[in-house]
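J.: Pulled these features from Swiss-Prot for this protein:
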- Asn159: N-linked glycosylation site (CARBOHYD)
- Asn167: N-linked glycosylation site (CARBOHYD)
- Asn192: N-linked glycosylation site (CARBOHYD)
- Asn235: N-linked glycosylation site (CARBOHYD)
- Asn282: N-linked glycosylation site (CARBOHYD)
- Asn340: N-linked glycosylation site (CARBOHYD)
- Asn346: N-linked glycosylation site (CARBOHYD)
- 1-22: signal peptide (SIGNAL)
Amino acid sequence: MRIMSIMLHLLATILLSSAVSAQNANAASTRRLIGEDRESGRRWGVAATDLGIPYDQHNGEIGFLFGDTVSTKWVQEAKDLRSPVMLRSGIHPGEDGGIVFESAAGVDGDGLAPRLFYNGDRGDDGTGTGTWEFTVLPNDGISFPETGEHIISYLSIMNFTTPWTPNYSGLAYSTDGNTFTRLPTKWLNNDNNTDPFQMWTMQRDGDWVYVFTVRSAPQYGPLMLQRVPWDKMTNKTEYQGWGWNGEDWGWQRPCSPILDGYFGEPSVRRLHDGTWAMVYLNASTSTPHIVSRSAKDPTGPWSEEKVQVNQEGDGSLLYGGFIHPWSTSKGNQLYLMVSNWTSTSNLSQTTEAVADYEGTVSVSQFTGTL
């Protein structure tokens, strides 16, 4: 059985024997969003999935991007496997009860939420190059109210080695936020599997979109920063690196690391008060945790890490931590989407056997303070 996401492989490597307390963690679970018993499962067949990356649709709604998705609770009984899919909600996460999904991309009313764009699904990636593609997973999304266009950054996965191996990161484009087309624009992984432009998070500020990227996991590496004019995102030559030349920092240079670490998927959002927030899984030890940082500018300096979510110590695996765009820097107004893999099989088996695990995976809303 295929796993639910790349992060399961990362966490299987570093968490299988961990028993971690939740002390010193700031964010607390508010509501489980995914399941057969939730709107996601009952209305759109999104009963087990992960990620739930939220991005602003600029129409009063937030789109949530999910990875490998099935319409059954238990992965070993998987039906209707597809990735990526999108659910939407205009409900503020601070309201009583938290987020409730109200619609799905690509379907009117109720019905099976379809995948958003082509996925090779253990086959050809569709580029005509004969590239093998195990699956496609979303990195982040962004929309532009001036044109109504949406762009999703995605990851083409070749295989789930340790660390797992992407073919490339790429962009998918939509004029309506419902159906997307993969573009030729892509950032190829290198032969050493160390390219630092594979996992993306994107945030617009004025005329620029700031793109933060890391390499595939689990491996130590840099976090890089680029920017691109918002209306030229599909043109790789328009991307400007933020780099150090030995004397000072500046744009239009080869990228230099703004941070180093064992990063899971990064999430960066500019909050309404101008604060920049960053959240990611710090996988540097046998007790990884979801942490946050803040800054006044995308270039930094970034604050020290603040622990938001620790593992629960009950055999489940928590990962993600994607920032809801309506979060603020005020107390208890940092809203995070956190994935939870719960296995019903032997978690002490090798990483290579993770694909044989049995269990379920869901996404919950956590609420904390930046």
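In case you wondered, yes, glycine gets a Cβ from its N, Cα and C as well.
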J.: Among all the protein chains here, how many other CB atoms are within 10 A of the CB of Asn340 (N-linked glycosylation site)?
T.: 19
J.: I want to verify one value. Collapsing DSSP to three states, which class is Asn192 (N-linked glycosylation site)?
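T.: DSSP assigns Asn192 (N-linked glycosylation site) to coil.
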J.: Counting distance between Cα atoms, which of the glycosylation sites Asn159, Asn192, Asn235, Asn282, Asn340 is nearest Asn167 (N-linked glycosylation site)?
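T.: For Asn167 (N-linked glycosylation site), the closest Cα among Asn159, Asn192, Asn235, Asn282, Asn340 is found at Asn159.
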J.: Write out the long-range same-chain contacts of Asn235 (N-linked glycosylation site), meaning residues 6 or more apart in sequence whose Cβ is under 8 Å from its Cβ.
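T.: For Asn235 (N-linked glycosylation site), the qualifying residues are Thr185, Val228.
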J.: Rounded to a whole angstrom, what is the C-alpha distance between Asn282 (N-linked glycosylation site) and Asn340 (N-linked glycosylation site)?
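T.: Answer for this pair: 16 Å between alpha carbons.
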J.: If you count the C-beta atoms lying within 10 Å of each candidate's C-beta, which of the glycosylation sites Asn159, Asn167, Asn192, Asn282 ends up with the smallest number?
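T.: Least crowded of the glycosylation sites Asn159, Asn167, Asn192, Asn282, by Cβ count within 10 Å, is Asn192.
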J.: Reported as an integer number of Å, what is the Cα distance between Asn340 (N-linked glycosylation site) and Asn159 (N-linked glycosylation site)?
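T.: Cα-Cα, rounded: 22 Å.
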J.: Please report the Cα separation of Asn192 (N-linked glycosylation site) and Asn159 (N-linked glycosylation site) in Å, rounded to an integer.
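T.: Cα to Cα, Asn192 (N-linked glycosylation site) and Asn159 (N-linked glycosylation site) are separated by 14 Å.
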